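K.L.:
Sharing a structure below in structure tokens format, with a few things to ask.
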Amino acid sequence: MLDPILLRKDLQTVVDRLKSRGVDFDIARFNELESRRKAVQTETESQQARRNALAKQIGQLKGKGAPEAEVQAVMAESQALPARLKALEDELAQTQAQLNDLLMSVPNLPHASVPQGASSDENVEVRRWLPGAADERGIPAALGFEVRDHVAVGEPLGLDFDLAARLSGARFSFMRGQMARLHRALAQFMLDLQTGTHGYTECYTPYIVNSSTLFGTGQLPKFKDDMFFVTKGGGDDEPKVDEQGNPLAREDQYLISTSEITLTSVVRETIVAGADLPLRLTAHTPCFRSEAGSGGRDTRGMIRQHQFDKVEMVQIAHPEHSYEALEEMVGHAERVLQLLELPYRVMLLCTGDMGFGSAKTYDLEVWLPAQDTWREISSVSNCETFQARRMQARFRNAQNKPEYVHTLNGSGLAVGRALVAVLENCQQADGSVRVPAVLQPYMGGLTVLEP
């Protein structure tokens, strides 16, 4: 969520920066709600002051033995104030809730270093890394035989989309034997690298979260249609009550679309000691996405799935050091690809292509020879205080005062897409797949996967 103080002090700058993201901020609605909030708050404070003054006046009148009629007149005014104050407080809470709803739908402001642009066509390539020779286009040289896509390569090795479709429908995969082992090896390697070399603490997190958690990290309310909602069976439909028998509100639950949600929420509604920053957390989890709006795209294979695995990296950083942390995290994701000997490039996203909560994002794109193109395999973002403000995540600064942390997240990596990249880049003319050296210890010493 954006800083309300910034909106009040420098609204036009905020509007201009949002416009660079293709977002038109509703100035009229904001001004209407803000004016109402100020008026109601001023009136509330005035009535509270009047209540206190009347209480003092009643004491003084009684103390000096004023006539009963005079005392009763002041008491009558005092007794009428609670109802008026309750109405004002309710109106203030309602207005503040409407303001919060408005701000919850507004994306983060782009950092000054983010290039202006309307779409992915205007993203900027920062660098690329190739493990071998390049052709005249600056991409990996041809393999020297007819390239097959990961579906054709993977099916003889245990990748089964037909069975997955019978079990669950479209956009799911079933793996057995060598393929399942390679998928597991990739995840284990990524976790070991992030924990053993890069200093992240491994976490095991829930796969189901409450809606309030998703509001904190920014998935709700904007991306509700992209989430899988959890429907409980058994007796959970019975209404819950508190100790007095009053019905309790039932909070919706969802499957996580990324473990960024659970890892970042570790600091929700907490104040971290400044000396403990940065926190580096990682987890390997399945991720669940409805892929609303992506019908017809990437329907073949594992590129766009309803369920996929990912090793996530999260850092909770001091505001003064968060952009150093961002570059560090990009390097951590790059190292995975380098050790797997997979060609990739780093792209700085333009203002129009960034995610909702991001102030600055780098995408890592891996080369897929069968598609003759680069495909995203990791996205690393600095959200600054955007998530922290929503979830009230703070640290104590040098003056021992609470201040919002900066939150960063990134894939280290998407396991399924890494599997796709290995199958396509490491395929051999006879249909076998060369196992990258770094994965061989996780594969029992296997150097080649053969149909």
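Cβ from N, Cα, C; glycine included.
Per Swiss-Prot, the feature L-serine binding site maps to THR258, SER259, GLU260, GLU312, SER411; the stated evidence is sequence analysis. The ATP binding site annotation in Swiss-Prot covers ARG289, SER290, GLU291, GLU376, ILE377, SER378, SER379 and rests on sequence analysis.
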K.L.:
Which residues, sitting 6 or more apart from ARG289 (ATP binding site) on the same chain, put a CB under 8 Å from its CB?
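P.N.:
Looking at Cβ-Cβ distances below 8 Å from ARG289 (ATP binding site), excluding near sequence neighbours, one finds ASP226, MET227, PHE228, SER257, GLN305, HIS306.
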K.L.:
May I ask for the distance between ILE377 (ATP binding site) and GLU312 (L-serine binding site), taken between their Cα atoms and rounded to an integer number of Å?
P.N.:
12
K.L.:
Using the alpha carbons only, what distance in Å do you get between GLU291 (ATP binding site) and THR258 (L-serine binding site) once rounded?
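P.N.:
Approximately 13 Å lies between the Cα of GLU291 (ATP binding site) and that of THR258 (L-serine binding site).
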K.L.:
Using the residues the record lists for L-serine (THR258, SER259, GLU260, GLU312, SER411), what whole-number Å value is the largest Cα to Cα distance?
P.N.:
10
K.L.:
Taking the Cβ of THR258 (L-serine binding site) as reference, which residues of that chain separated by at least 6 in sequence fall under 8 Å from it?
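P.N.:
For THR258 (L-serine binding site), the qualifying residues are CYS287, LYS310, GLU312, ASN409.
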K.L.:
Measure the Cβ-based neighbour count of GLU291 (ATP binding site), defined as the other Cβ atoms within 10 Å of its Cβ.
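P.N.:
Neighbour count, Cβ to Cβ under the 10 Å cut-off: 15.
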K.L.:
Looking only at ARG289, SER290, GLU291, GLU376, ILE377, SER378, SER379, the residues listed as binding ATP, what is the longest Cα to Cα distance in Å?
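P.N.:
Greatest Cα separation within the listed binding residues comes to 19 Å.
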K.L.:
How would DSSP class GLU376 (ATP binding site) in three states?
P.N.:
strand
K.L.:
As a test of the contact definition, list every same-chain residue at least 6 positions from SER411 (L-serine binding site) whose Cβ is closer than 8 Å to its Cβ.
P.N.:
LYS310, VAL311, GLU312, MET313, ALA333, ILE377, SER378, SER379, VAL380
K.L.:
Between SER259 (L-serine binding site) and GLU376 (ATP binding site), find the distance joining the two CA atoms and give it rounded to the nearest Å.
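P.N.:
Cα-Cα, rounded: 18 Å.
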